[in-house]
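> Below you will find the structure I want to go over with you.
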C-alpha cells in the first residue's frame with residue numbers, strides 16, 4: 001500500500017487521502033470516519049499523529065476508485081488494512097464524500113519524504129536477478145563498479161549533478177555528494193588489486209540530473225567479473241564548493257566575490273545547505289510560492305549557492321514562513337540553468353499564494369566529517385550535554401577527547417556546536433555544567449572560543465589554540481549546549497516603527513521610573529532633577545515569530561520584574 005495527500009488548497013501536512021491499491025490510486029469514503037482512522041493514515045504518511053480530519057471532500061473531489069468505506073480504526077493499528085472496513089472497492093459513496101486528514105506537523109524520525117531520491121532507487125531499475133547480493137545501498141557487501149570504455153567519452157563529461165557511489169568511492173558523483181563540480185574519468189586502481197565486479201556500463205548523463213538513477217545506463221548480466229574487458233572502473237574526483245574549500249587565499253577570494261550582493265539566499269534552516277528560499281527583487285527580499293516546486297528547480301538553487309544537487313524540494317513553509325512579498329510562483333527550471341532567475345516563472349498576484357506556501361530546499365553537501373570531532377555527554381537526551389571535542393586526530397592517530405572552557409561561551413558558540421553535531425538550533429549555551437558530570441573526560445583542551453555563528457565547526461571559530469587560558473579549569477565550568485530541531489525566529493515589524501515614531505518633550509518628574517530602568521541616555525544623570533525635561537523618541541513596536549517553535553524567554557515568568565510605569 002502507498003499513500004499520498006492531494007487536493008487544494010492545503011498545507012503539506014493535510015489533504016485528501018489517496019491510497020494506491022491494486023495498481024490504481026483511489027480515495028476513502030468519510031462514512032463512520034474517526035480520529036483513530038486519521039491517526040493510522042497520518043503514520044502511513046510519515047507524521048507522528050493526526051490533529052483532525054475532514055469530510056465531504058473538503059480538499060476537492062478525487063477521481064477513480066473509492067477503495068475503502070465504513071473504516072473503523074482504534075488508532076493503534078499498523079496498517080489501515082488492519083482496521084474494520086467493508087472490503088477493498090466495496091463502497092456506496094460518491095467522491096463528494098472523500099475523506100481528508102490533518103496531520104501533526106512532526107515527522108516520524110527516519111521517515112523519508114517521497115521526493116527524496118536515494119541510491120536504492122537506482123537499484124529498482126535493475127532486475128534483482130542480475131544484482132545477486134553484490135550491490136548494497138547501505139555499503140554492506142561488495143560494491144559493484146560502473147565500466148568506462150576509453151575513447152567512447154562515456155562518463156568523461158562533468159558530473160556536476162549526477163549522484164550515486166562509484167566503485168565504492170568515498171565521494172559520490174558530485175551533485176549528490178554536495179561538491180560543486182567534478183569529472184568522471186577512467187583511472188587504474190593500483191591500490192586495489194582485487195577482482196572487480198561490474199554491473200553498469202554506458203552511463204550517460206547530461207550533467208543536470210539530480211541523481212545518477214536519472215541518467216541512461218545499461219547493466220551487465222551473467223559473469224560480471226569478465227565484463228568491461230576493454231574498459232576500466234569509473235572513478236569520480238570531486239571538487240568542493242567555495243564554502244567547503246580549504247585555504248585562506250580561497251576564502252579571501254570568496255569574500256571579494258561576495259561583496260556584490262547575492263540575489264538568492266536560504267533562511268530558517270538549522271543545517272548548512274537547507275532553508276527557505278528567498279530572492280532579491282527591486283531591492284526587497286521575498287519568498288517563492290511552492291506551486292510546481294520540484295527537485296529540478298531546487299537543484300538550480302542549490303548549485304547557484306555552491307552546493308550539490310537538491311536532496312529535497314520542500315513545500316508548505318516547512319522551513320518557516322517568510323515575510324514581505326512573494327516574488328515568484330510556478331517556477332519551472334529545466335535543470336540546466338545557472339541561476340533561478342533564468343528559469344521560467346509566473347509573477348505573483350495577491351490572491352495566488354500566502355506565506356504558508358513558501359518553498360524551501362535541502363541541498364546535498366560534501367561529507368566533511370565534522371560531526372566526528374564533537375560529542376555531548378551527561379545530558380538527559382541526545383540534544384543536550386557537556387561539549388567534548390577531539391584534538392590531535394590527524395595522521396591516523398587516536399583522537400584525544402577534552403572539554404571546552406565555558407568562559408565567554410554563549411548562544412553563537414552553541415549554534416555552531418549544534419550545527420556541527422547535526423542537532424539543529426541552539427536553545428541555550430551553558431557556561432556551567434556541574435549537573436552533567438557523567439564522563440571520565442576531565443581535561444580542558446579548548447578555550448577562548450568566539451564564533452560569528454555561521455561556522456560549520458568549532459575549530460573554525462577564533463580560539464586560543466594550543467596556549468589555553470581558562471580561569472576556571474574544573475569540569476563544572478566546562479561549556480554545554482541544549483539543541484533543538486526547531487526554533488523561534490523573532491522579527492521586528494519595522495514599518496510600524498516608522499509609521500508611529502514621534503518626538504516628545506517630557507518633564508523629568510515624570511521620568512523617574514524610566515531612569516530606574518536605564519531607559520534614558522547617560523547624560524540624564526547630570527540633569528537637574530526633577531526640573532527640566534528630556535526629549536524622547538517614542539514609537540510602537542510589534543515582534544512576529546516566523547520560526548517553527550514557540551518563543552519562550554530564557555527567564556521563567558516567576559523571575560520577571562514588573563514596573564508600575566509599564
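A Cβ is built for glycine as well, from the same backbone N, Cα and C atoms used for every other residue.
Features from TrEMBL:
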type     : residues : note
DOMAIN   : 3-104    : domain 'SRCR'
DISULFID : 29-93    : disulfide bond
DISULFID : 42-103   : disulfide bond
DISULFID : 73-83    : disulfide bond
DOMAIN   : 141-239  : domain 'SRCR'
DISULFID : 205-215  : disulfide bond
DOMAIN   : 264-364  : domain 'SRCR'
DISULFID : 289-353  : disulfide bond
DISULFID : 302-363  : disulfide bond
DISULFID : 333-343  : disulfide bond
DOMAIN   : 374-484  : domain 'SRCR'
DISULFID : 451-461  : disulfide bond
> In sequence order, what residues of the same chain, 6+ apart, have a Cβ less than 8 Å from the Cβ of residue 83 (disulfide bond)?
37, 40, 71, 72, 73, 74, 77
> For residue 363 (disulfide bond), identify the closest of the disulfide-bonded residues 333, 343, 461, judging by Cα separation.
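Given the candidates 333, 343, 461, the nearest one is 333.
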> Treating G and I as helix alongside H, and B as strand alongside E, what does DSSP give for the domain 'SRCR' (3-104) in helix, strand and coil?
16 helix, 35 strand, 51 coil
> DSSP says what for the domain 'SRCR' (374-484): how many helix, strand, coil residues?
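Split by secondary structure, the domain 'SRCR' (374-484) comes out as 20 helix, 36 strand, 55 coil.
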> Based on Cα distances to residue 103 (disulfide bond), point out the closest of the disulfide-bonded residues 215, 343, 451, 461.
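Nearest in space to residue 103 (disulfide bond), counting only the disulfide-bonded residues, is 343.
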> Can you tell which of 353, 363, 451, 461 has the least company, meaning the fewest other C-beta atoms within 10 angstroms of its C-beta, among these disulfide-bonded residues?
461
> Compute the C-alpha separation of residue 333 (disulfide bond) from residue 29 (disulfide bond), stating it in Å without decimals.
37
> Output the one of 42, 93, 302, 343 that, of all these disulfide-bonded residues, has the highest number of other Cβ atoms within 10 Å of its Cβ.
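The residue with the densest Cβ neighbourhood is 302.
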> Select the closest residue to residue 302 (disulfide bond) from the following disulfide-bonded residues, measuring between CA atoms: 343, 353, 451.
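Nearest listed residue in space: 343.
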> Check the Cα-Cα distances from residue 289 (disulfide bond) to the disulfide-bonded residues 93, 215, 343 and tell me which is shortest.
343
> Where the distance is taken from Cα to Cα, which of the disulfide-bonded residues 42, 205, 215 turns out closest to residue 29 (disulfide bond)?
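Ranked by Cα distance from residue 29 (disulfide bond), first place goes to 42.
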> So what's the mean pLDDT when you look at the domain 'SRCR' (141-239)?
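Mean pLDDT across the domain 'SRCR' (141-239) comes out at 60.
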> What is the three-state DSSP composition of the domain 'SRCR' (264-364), stated as helix, strand and coil residue counts?
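Residue counts for the domain 'SRCR' (264-364) by secondary structure: 16 helix, 34 strand, 51 coil.
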> I'm trying to understand the geometry here, so how far is the Cα atom of residue 205 (disulfide bond) from the Cα atom of residue 451 (disulfide bond), in Å to the nearest whole number?
41
> Just to verify a number: CA distance, residue 42 (disulfide bond) to residue 353 (disulfide bond), in angstrom, no decimals.
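That comes out at 25 Å between the alpha carbons.
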